[in-house]
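Here is the structure we will look at.
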Amino acid sequence: MMYAATYFIDIAALTILMGLLRSSTAVHPGRKRPFAAGIILTVLILSAEAVTIAAGEDHLDLRTLNLLANVIGFALTPLIPIVISLIFDRGILKVHRLILVPTMLNIMAALLSPLFGILFQINESNQYSRGDFFFLFITAYAFNFMILVVRTLDMGKTYNYPIVKKLMALSVFTILGTSIQLVVPSAYSSWHSVTLALGLYFLLLSEFDTSFDTLTGLYNRSSFDKAVTELRKPSAFSVIILDINEFKNVNDTYGHDYGDKVIQAVASVVKASFSKDFTCYRYGGDEFSILSRETDPDQIETQLKTMTIALNDVRENGMALPTVSYGYSIFQGGEDLNVYKALKEADEEMYRYKKVHKAKAAKEKKYCDAVNEA
């Protein structure tokens, strides 16, 4: 009866989570389908495990039901890490379909187990025991969890995802929670751990998916402010401020729709021009900011030069794209951290750059007008 109550609570919690997921405007729509699949799978496995307990050795007449519930549990369990991986990387199965091989072999073994006792056995007295090839199930489950961990780390490194450490901690928690039951089958800890993990995944993703600017796909201002507050005192860092020149004239001349396209084009170039050591943000309006642990001025200048060349390439391909002013500041560490001082220095340098550029443009215009009059 106690086990029935805990499973009922888990299923009720997952039902509520499904409702929150469907109504959420924070979680990216593309993540909702695999997340919902994960919830449904977990409910099915929880129900199957509850049936195996209810239809155990004290009920000889329920042996067939016990067999069926074990088949469902063994077949579906290794799918959970794969489904969670799809939440973060929806294209993984399109590129790496072979990763499903261990899962498919496990499903086949589960289906054949009532006849051949491959993964589990239930004797005529309705007593459960692990099969001679139970390790196939462990291998498939461990392999899929390894895929989840590797993809989480890879996505974190590629996109500078700030929640990667939290996701890793959550993965470790889930692995530990499920491992307890593998060692002590009567512990029944696996699906309570997975239920809790799914709820925590939802909270993390809700926070994460609201970190992006909807127009550009870069991190937004609130993400920048949060990153600034998390900078540690002894650590060196650099901050770059970018601003689109004469952006008001672009809106006045071409309209706000074209202005949005300009912001998107600049954001795309900025994101592509800076290495993964630099995290890019839309600071507001036509202004962008970049945080990095890089403190070598030559390296920073190289990244900025790459950006400038890429912007010129966009113009040469026919898009009327304004120039971009920039400034940066480097904090070398080892002293009292004053982030806002560094931001102010970068901002002032950017405005000096803008002033020089404006004066140069005016001088060139004056020269061209003089040539035309002559």
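Using the three backbone atoms N, Cα and C, a Cβ is placed for every residue, glycine included.
Long-range contacts of the transmembrane segment (6-23) within its own chain (CB-CB distance under 8 A, at least 6 residues past either end) are made by residues 32, 35-36, 39-40, 42-43, 46-47, 49-50, 188, 191-192, 195, 198-199, 202. TrEMBL lists 6-23 (among others) with the feature transmembrane segment.
The feature transmembrane segment is assigned by TrEMBL to 35-55 (among others). Among residues of the same chain six or more beyond the transmembrane segment (35-55), those with a C-beta under 8 A of the stretch's C-beta atoms are 3-4, 7, 10-11, 14-15, 17-18, 21-22, 27, 62-63, 65-66, 68-70, 72-73, 76-77, 79-80, 83-84, 86-87, 126, 128, 188, 191, 194-195, 198, 201-202, 205.
According to TrEMBL, the feature transmembrane segment maps to 67-88 (among others).
Long-range contacts of the transmembrane segment (100-122) within the same chain: residues 63, 66-67, 70-71, 74-75, 78-79, 82, 93, 128-134, 136-137, 139-141, 143-144, each at least 6 residues beyond the stretch ends and with a Cβ under 8 Å from a Cβ of the stretch. Per TrEMBL, transmembrane segment is recorded for 100-122 (among others).
Long-range neighbours of the transmembrane segment (134-154) within the same chain, counting only residues 6 or more positions beyond its ends whose Cβ lies under 8 Å from a Cβ of the stretch, are 74, 77-82, 84-85, 88-89, 92, 99, 102-103, 105-106, 109-110, 118-120, 164, 167-168, 171, 174-175, 178, 182. Sequence annotations record features per position, and here TrEMBL assigns transmembrane segment to 134-154 (among others).
Annotation comment: TrEMBL describes 166-184 (among others) as transmembrane segment. Tertiary proximity for the transmembrane segment (166-184) is limited to same-chain residues at least six positions away from its ends with a CB under 8 Å from its CB atoms, namely 88, 138, 141, 145, 148-149, 152-153, 156, 190, 192-194, 196-197, 200-201, 204.
In terms of DSSP secondary structure, the domain 'GGDEF' (235-366) contains 74 helix, 29 strand, 29 coil. The domain 'GGDEF' annotation in TrEMBL covers 235-366.
Looking only at the domain 'GGDEF' (235-366), the predicted model's pLDDT averages out at 86. Under 8 Å from some Cβ of the transmembrane segment (67-88) lie the Cβ atoms of residues 31, 34-35, 37-38, 41-42, 44-45, 48-49, 51-52, 55, 99-100, 102-103, 106-107, 109-111, 113-114, 119-120, 122, 128, 137, 140-141, 143-145, 147-148, 151-152, 155, 167, 190, 194, 201, 205, all in the same chain and six or more residues away from its ends.
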